[in-house]
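**Student:** What TrEMBL shows for this protein is this:
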BINDING   ASN105, HIS110, GLU115  oxalate binding site
BINDING   HIS108, HIS110, GLU115, HIS154  Mn(2+) binding site
DISULFID  CYS30-CYS45  disulfide bond
DOMAIN    59-208  domain 'Cupin type-1'
SIGNAL    1-21  signal peptide
Amino acid sequence: MAAKGFAYFVALVAVFSVAKSDPDPLQDICVADTSSGVKVNGFVCKKDADVTENDFFFSGLAKPAVVNNTVGSVVTGANVEKIPGLNTLGVSLSRIDYQPGGGLNPPHTHPRATEIIFVLDGELDVGFITTANKLISKSIKKGDIFVFPKGLVHFQQNNGKAPASVISGFNSQLPGTQSIAVTLFGSTPAVPDHVLTKAFQIGTKEVNKIKSRLAPK
């Protein structure tokens with residue numbers, strides 16, 4: 001039953017990719033040459049003679065990832081950086097694994113893509129916040145699907161006693177991720193303390209405490 005549900009999800013992602021966020025391709029394939037060092041809106045193409053089947057293959061989503069961090073979740077991307085053949089095709093996937101009892105994919109945004117998730121296992125509380133500051137949230141379980149609109153802040157948290165996993169689809173080859181807390185309190189150079197103290201109505205000690213907790217280990 002789960003395999004049948006995932007097949008439906010893959011078909012949905014295929015339809016979803018028709019409304020691509022990325023520009024349309026101008027050739028059959030443009031396998032990313034990630035070693036070229038040339039910066040364009042995407043990646044420059046490999047020579048056709050250098051393209052192989054492995055440029056279109058990735059097996060990294062087959063098994064749960066090991067979760068070993070303070071938030072209790074791990075995201076494994078299957079984007080153009082992992083699958084060079086996705087370059088110019090406007091679609092990608094990821095897998096998210098959550099620890100039991102509160103594993104969290106913290107509030108974040110994808111500036112270049114809408115996200116659609118399919119629950120492989122477990123139960124999750126999910127939600128996003130509109131520009132009118134309204135929270136749209138729901139509890140979802142194995143086999144369910146939920147959509148997060150492009151650019152809006154959203155989150156997922158395991159609300160069960162067992163591990164949870166989802167597959168995410170994006171209408172971009174590289175959707176980008178901005179974690180709200182890490183972006184504001186862990187940027188380089190740092191956001192000035194006086195900006196954060198005024199924005200969050202907290203003191204400098206609290207700002208420095210948050211920064212120390214979010215600093216790269």
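The count begins at 1 with the first shown residue.
Heads up, the Cβ atoms here are built off N, Cα and C, so glycines get one too.
In TrEMBL, annotation is done automatically, which means it is predicted and not curated.
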**Student:** With every protein chain in view, how many other Cβ atoms are within 10 Å of the Cβ of HIS110 (oxalate binding site)?
**Tutor:** 23
**Student:** I'd like the number of other C-beta atoms within 10 A of the C-beta of CYS30 (disulfide bond), please.
**Tutor:** 21
**Student:** What other residues of this chain sit with their CB within 8 A of the center of the CB atoms of HIS108, HIS110, GLU115, HIS154, the recorded Mn(2+) site?
**Tutor:** THR109, PHE128, PHE148, LEU152, VAL153, PRO175, THR177
**Student:** Looking only at C-alpha atoms, tell me how far HIS110 (oxalate binding site) is from HIS154 (Mn(2+) binding site), rounded to the nearest Å.
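**Tutor:** It is 9 Å, counting Cα to Cα.
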**Student:** Within 10 Å of ASN105 (oxalate binding site) (Cα-Cα), which of the recorded positions CYS30, CYS45, HIS154?
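**Tutor:** If one measures from the Cα of ASN105 (oxalate binding site), the recorded positions that come within 10 Å are HIS154.
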**Student:** Compare the Cα of CYS30 (disulfide bond) against each of the binding-site residues HIS108, GLU115, HIS154 and report the nearest.
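**Tutor:** Its closest listed neighbour, by Cα, is GLU115.
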**Student:** Identify, among the binding-site residues HIS108, HIS154, the residue whose Cβ has the fewest other Cβ atoms within 10 Å in this structure.
**Tutor:** HIS108
**Student:** Using CYS45 (disulfide bond) as the reference point, find which of the binding-site residues HIS108, GLU115, HIS154 has the shortest Cα-to-Cα distance to it.
**Tutor:** GLU115
